[in-house]
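Listed in TrEMBL:
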type     : residues               : note
DOMAIN   : 2-135                  : domain 'CAAX prenyl protease 1 N-terminal'
TRANSMEM : 30-54                  : transmembrane segment
TRANSMEM : 81-99                  : transmembrane segment
TRANSMEM : 105-126                : transmembrane segment
DOMAIN   : 138-373                : domain 'Peptidase M48'
REGION   : 203-223                : region 'Disordered'
BINDING  : His237, His241, Glu317 : Zn(2+) binding site
ACT_SITE : Glu238                 : active site
TRANSMEM : 259-281                : transmembrane segment
TRANSMEM : 287-312                : transmembrane segment
ACT_SITE : Asp321                 : active site, proton donor
Amino acid sequence: MILLCGGIPFLWNLSGQISGRAGFGPEYEIVQSLVFLLLATLFSAVTGLPWSLYNTFVIEEKHGFNQQTLGFFFKDAIKKFIVTQCILLPVTSLLLYIIKIGGDYFFIYAWLFTLVVSLVLVTIYADYIAPLFDKFIPLPEGELKQQIETMAKSIDFPLTKVYVVEGSKRSSHSNAYFYGFFKNKRIVLFDTLLEDYSALNKEPAEGEDGENEETKSKTKNKKQGCKNEEVLAVLGHELGHWKLGHTVKNIIISQMNSFLCFFLFAVLIGRKELFAAFGFYDTQPTLIGLMIIFQFIFSPYNEVLSFCLTVLSRRFEFQADAFAKELGKAEDLYSALIKLNKDNLGFPVSDWIFSMWHYSHPPLLERLQALKDAKQE
């Protein structure tokens with residue numbers, strides 16, 4: 001509907017009018033581009049809001065996953081929008097400026113710039129951005145922390161800190177991940193993954209109604225999360241991704257794809273018929289060119305690439321499971337996968353064609369089958 005009704009050129013012209021009233025004429029293309037980007041992301045946020053509300057307060061609520069109040073939801077959404085703009089607008093303005101002054105080889109400079117930005121964001125995200133939305137606390141001293149440190153040391157994983165994040169105040173879904181470069185690796189465990197730390201397993205204190213200003217605590221009839229041995233098995237899987245170089249391989253593939261896209265963008269950006277097809281007959285704004293080429297022209301290529309990455313991701317998951325098996329965690333990972341599937345209400349049976357195209361992780365039964373022999377041994 002947006003394409004058929006000329007929504008993109010309309011929004012671009014509206015951006016020109018707004019920037020013009022602020023004293024920036026047509027020669028200030030980057031300013032107009034930033035206004036366009038702000039309006040476009042605002043439009044996207046507003047139009048996506050009903051779907052997000054339905055997903056959170058109808059679907060997730062129906063199945064017992066939602067832990068948010070309406071006030072917390074909107075507070076979170078506004079905060080996400082502001083943080084996104086604080087990153088998106090400066091990065092986009094610099095990218096457009098580099099493309100403008102880069103000459104014939106601007107695509108190389110643009111690619112290098114996006115590479116640096118992505119590495120910086122990966123570096124600072126967990127320490128400075130994620131804490132804006134969730135509370136991170138160090139995993140208390142005890143048996144679990146000692147076991148995690150021992151396992152990390154056994155495979156030369158340069159672990160510096162282990163955190164628990166209060167994911168339960170937003171959702172009861174479980175997760176775990178690691179981050180950091182070089183010798184400064186950190187592990188993050190969602191409290192919903194840990195049977196002993198999950199707030200969803202704790203009874204409300206006497207006199208409390210189980211709900212506060214930000215979150216509502218829902219008492220479950222069954223325990224959620226994994227035992228320490230199962231948590232270690234899940235971490236063994238995650239650390240397998242590091243040991244086997246999956247993270248580095250994904251970064252390399254991503255950057256190769258990014259370079260190819262910028263190169264093809266440099267080839268296509270001069271084609272006026274591309275702009276005319278989207279309603280831009282007299283002007284060829286760089287930001288619009290990026291949108292047309294990356295979002296629409298590359299769409300078939302992106303679908304094929306996405307499928308290839310899905311196939312690769314599934315292969316990586318089997319390899320990480322096999323790594324955990326080599327650590328002697330096959331039986332615990334087997335039971336952990338079943339528990340997590342139950343906690344997340346995953347359906348164990350999948351259509352093979354649908355899952356092949358859409359599932360970045362192998363279906364549960366396939367993973368259990370791969371672990372079965374080792375478990376029996």
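Numbers here mean position along the shown chain, with the first residue as 1.
Note: Cβ is positioned from N, Cα and C throughout, glycine not excepted.
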For Glu317 (Zn(2+) binding site), just count the other CB atoms lying within 10 A of its CB, please.
21
Sequence gap of 6 or more, C-beta under 8 Å: which same-chain residues meet both conditions with respect to His237 (Zn(2+) binding site)?
Ala320, Asp321, Phe323, Ala324, Lys329, Leu333
Determine which residues of the chain contact the transmembrane segment (287-312) at the Cβ level, with the cut-off under 8 Å and only residues 6 or more beyond its ends counted.
8, 12, 33, 36-37, 92, 96, 253, 257, 261, 264-265, 268-269, 274-275, 278, 280, 356-360
I need the neighbours of the Zn(2+) site defined by His237, His241, Glu317. Which other residues of that chain put their C-beta within 8 angstroms of the C-beta centroid, in sequence order?
Glu238, Gly240, His246, Phe316, Gln319, Ala320, Asp321, Phe323, Ala324
Treating G and I as helix alongside H, and B as strand alongside E, what does DSSP give for the domain 'CAAX prenyl protease 1 N-terminal' (2-135) in helix, strand and coil?
111 helix, 2 strand, 21 coil
Beyond the flanks of the transmembrane segment (259-281) by at least 6 residues, Cβ under 8 Å:
3, 6, 8-9, 12, 106-108, 110-111, 114, 288-290, 292-294, 296-298
Where Glu238 (active site) and Glu317 (Zn(2+) binding site) are concerned, what is their Cα separation in Å, rounded?
9
Can you tell which of Glu238, Asp321 has the most other C-beta atoms within 10 Å, given these are the active-site residues?
Asp321
Neighbourhood of His241 (Zn(2+) binding site), C-beta criterion under 8 angstroms, separation at least six:
Thr247, Phe316, Ala320
Across the domain 'CAAX prenyl protease 1 N-terminal' (2-135), what does the pLDDT come to on average, as a whole number?
91
